[in-house]
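Visitor: My questions will all concern the structure given below.
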């Protein structure tokens, strides 16, 4: 087990990168504590798999260092880093039994057979694979195969970190939930540092203590699931996390206040000084239909079961839709409504990054 | 009771007719010859299983079958490991992939009798490039028209040259279909190169290898054109493989009955071995 430090990492797949657009990873500094559960969240192509392969040693970064407990491992091959990785598609050794699959990493390291047997049984018990130990791994269902992949990581006692690269992609939806809670449970039991890569916000938010949100090779925010949801530091985070995502409305600054479509909008706190493109961000959860507020017309009503999503166009705006989450009494399409924003949840973003300070709180 | 839609037969009919005319009807005429004796004049006499007994007891057939088995086993033992080795050594991506693939495919594109003729000229002791080189530069006494060992070596080298590519291409197709994650997982699990081959590459190549061995077995067991053009079955009878012997009997001696019986025995052996091999190799796949 180890603390993982990424120090000034950059990576380009091109031999001679020119500008930032040639980099799959643009300057990354992250520190992961020993025994933590972390998630790397971002859309496809944001560089999360590249980052994962750099940590596992399958890829050597163009610049920067990877440190395990302060020891530089940047140039070490995967088998000398003591890491484990679970891939998107279950990797199992078809010809071997489940037992042999789990024993494989230990046998390759020349561990004596009695120790291998006891360790495999221990891990199989944990993963509920004991009854299958004698079966051929090739004949198992995808979720059990994926458990074997995890097991091959867990079976080694000295493993520094276990990495998961979208491990639930091929699992049936009703088993996803089960396997995810199993994973969480394992993390609590074993206490190994785990890094979970996914583009699925539910997976990331339920698994991790800390989520690293990435976009186009950059980290846009690191925080607990609650922080990411409640106070996105970047419009991308607001938009990417949540369903539907945060409303991002074009804004202008006048007289020290933010204006949207000719209406003055109350914000959570004072605006930080600076120049740039401004946007107002508010989650649909904090927009309500009220007696007074921004006048608008309903364009779409979606029944989500326990609530409704109402999309309205605010008068005077350039067809910008504002989504509101409504608990009762939805209106019909075409109705005139008034939208109220909760001021303490309304924020200003400058060039994508947050530009308001919370009153009485930390920035 | 389930109602069976009899219209289905109508759709199968064209295939049934096609198979009947290109396989069943010719085969039945062979069966017909194999149980009769003829002295010409289109007169036939019932001979029962006599020809089959004769063939199965004939020393000539035993010798030809022995040579055939030796040939097939030898080329399989060379071509399969060699094919796997070449496939493993080929690049997986980049500029050299098409170059390697085309180079590999070239020998297979040459007509069989041309391959025989090429190697015949190539190996002639006094004028062939190979024959001349061996005899006059290296000083090795090599004459495939006189020495059975030299003739055998030439035939085997020719077949290896001609057909190893098939094994290579099939294995290569199997290899490139292995996702990178398998290699990455193996590296993380600390697997040696041998373990990667034994537990990842070989199992993933199993199906294509089965096909490759099956095709190479059938083709080499039935081989005729190349050795016929190269050695004509000689020197003496030393390279008279089953098919060459069969043609000698059927067309050289015009012994239609024995030749028909031999054809059927020959065919049964090929079929039986292929079936056995395929069944054994795919035994685990069903459950």
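Placement of Cβ uses the backbone N, Cα and C atoms for every residue, glycine included.
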Visitor: In TrEMBL, one of B:69-88, B:189-208 is tagged transmembrane segment. Which stretch would that be?
Guide: B:69-88
Visitor: For the annotation transmembrane segment in TrEMBL, which listed range does it cover: B:236-258, B:259-281?
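Guide: Feature transmembrane segment in TrEMBL: residues B:259-281.
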Visitor: Six or more residues beyond either end and a Cβ under 8 Å away: which residues meet both conditions relative to the transmembrane segment (B:69-88)?
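Guide: Distal contacts: 104, 155-156, 159-160, 163-172, 174-175, 197, 201, 205, 209, 212-213, 216-217, 220-221, 223, 241.
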Visitor: Counting CB pairs under 8 Å, which listed stretch among B:9-31, B:118-138, B:150-175, B:259-281 touches the transmembrane segment (B:95-112) the most?
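Guide: Ranking B:9-31, B:118-138, B:150-175, B:259-281 by Cβ pairs under 8 Å to the transmembrane segment (B:95-112) puts B:150-175 first.
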Visitor: Three or more CB pairs closer than 8 Å, sequence separation of 6 or more: does that hold for the transmembrane segment (B:9-31) against the transmembrane segment (B:150-175)?
Guide: no
Visitor: Residues of the same chain, at least six outside the transmembrane segment (B:150-175), with any C-beta under 8 angstroms of its C-beta?
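Guide: Residues 71, 74-75, 78-80, 82-84, 86-88, 90, 92, 101, 104-108, 110, 115-116, 119, 123, 142-144, 201, 204-205, 207-209, 211-212, 215-216, 219-220, 223, 226-227, 230-231, 234-235, 238-239 contact the transmembrane segment (B:150-175) from elsewhere in the chain.
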